[in-house]
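Colleague: My structure is below; once you've seen it, I'll send some questions.
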Amino acid sequence: LFCIVGFVGIIGNLMVIYIILSDRKMRKSVTNMLILNLALADSIIMLFGVPEIVLFMLNKGWLLGLVMCKLQRTLLVCGLYSSVLTLVAVCVERYIAIVFPIRAHLLCTKRRILMVIVLIWILSVLCGIPTTIFNTVASSFPGSHVKFCMTIFPGNSIEYMKIFKFTESVLFYFEPLLVQLVCYIVIGKRLFVGVETLHRNATVRCRTELNGTSHNNRGRTSEAIRARKGVVKMLIASVIIYFLSYSPHQILLFYNTFSSQPFHDSWLFVVITTTLAYINSAANPILYCVFSENFRLKFRKLLHCLLCIESDNE
């Protein structure tokens with residue numbers, strides 16, 4: 001399962017990056033700028049996270065030394081932080097576009113979105129500094145010969161670890177989840193109110209219009225209703241996947257950090273919760289692209305080209 005998640009996550013996000021960068025019109029969209037940044041962050045998570053978990057599953061420990069331990073884990077947490085913050089940025093951008101449609105083009109300019117993306121990476125790097133400083137290669141248990149890349153504060157301080165994990169969870173799990181829930185609830189209400197209005201308007205037109213244009217109006221109304229319902233479904237799926245994928249991992253981290261008897265008995269549980277956390281990164285290109293007809297067409301075209309190239313080589 002983990003290998004499937006890793007493969008889908010890496011290939012899917014790299015395809016999203018290529019599709020957006022290769023299309024001039026798509027590059028001009030502020031939403032696609034955020035999706036591009038999201039795909040970049042998720043690609044970093046997959047590229048630097050999957051090999052470590054594979055080694056952990058094989059009980060091989062960390063084999064690449066102290067420098068690579070600090071570098072790999074810093075890049076991984078920066079990718080994780082950036083991915084979560086970009087999801088929040090996408091949420092806020094959609095909130096502005098739907099709730100304040102008239103002012104959206106003034107508030108969400110390409111320049112401002114680019115500044116948001118730069119700020120996201122600056123915050124991610126700053127929050128990743130403790131990982132760079134305090135990560136080291138050590139044994140998880142006394143007497144064990146298998147060493148892992150882990151965060152150890154001076155004097156093996158439990159209090160510092162509790163503060164660090166609590167702050168990390170608040171900034172990159174609870175607050176993002178709360179912001180997304182509030183924004184998407186407001187968006188859902190606004191969209192469903194709009195759908196009901198469209199239904200009423202369509203009913204009135206069907207009763208009053210007797211000429212041939214009524215069929216065209218009903219068709220356009222039905223398309224608008226389907227489009228709005230599709231947006232709501234995507235938003236609901238986004239929050240559900242985010243919650244289900246990150247919650248088990250956060251619960252395990254909280255328990256191991258704040259419990260007097262940390263849960264170290266089952267490595268399988270650690271692998272499962274980590275895999276679920278990575279599913280969010282693997283699902284993002286599917287979630288944000290499958291719901292878009294434009295992205296679906298681009299994906300099919302790219303896959304067709306790749307298959308044609310492979311068949312020509314054979």
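Note: Cβ is positioned from N, Cα and C throughout, glycine not excepted.
Per TrEMBL, the feature domain 'G-protein coupled receptors family 1 profile' maps to 12-288. According to TrEMBL, the feature transmembrane segment maps to 6-22, 34-54, 74-92, 113-134, 170-187, 230-247, 267-291.
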Colleague: Based on Cβ pairs under 8 Å, which of the stretches 74-92, 170-187, 230-247, 267-291 lies most in contact with the transmembrane segment (34-54)?
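Modeller: When the Cβ pairs under 8 Å are tallied, 74-92 comes out ahead.
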Colleague: Taking the transmembrane segment (170-187) as the first stretch and the transmembrane segment (267-291) as the second, find out whether 3 or more Cβ pairs fall under 8 Å, excluding pairs closer than 6 in sequence.
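Modeller: Answer no, regions not in contact.
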Colleague: Taking all residues of the domain 'G-protein coupled receptors family 1 profile' (12-288) together, what is their mean pLDDT?
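Modeller: Mean pLDDT for the domain 'G-protein coupled receptors family 1 profile' (12-288): 81.
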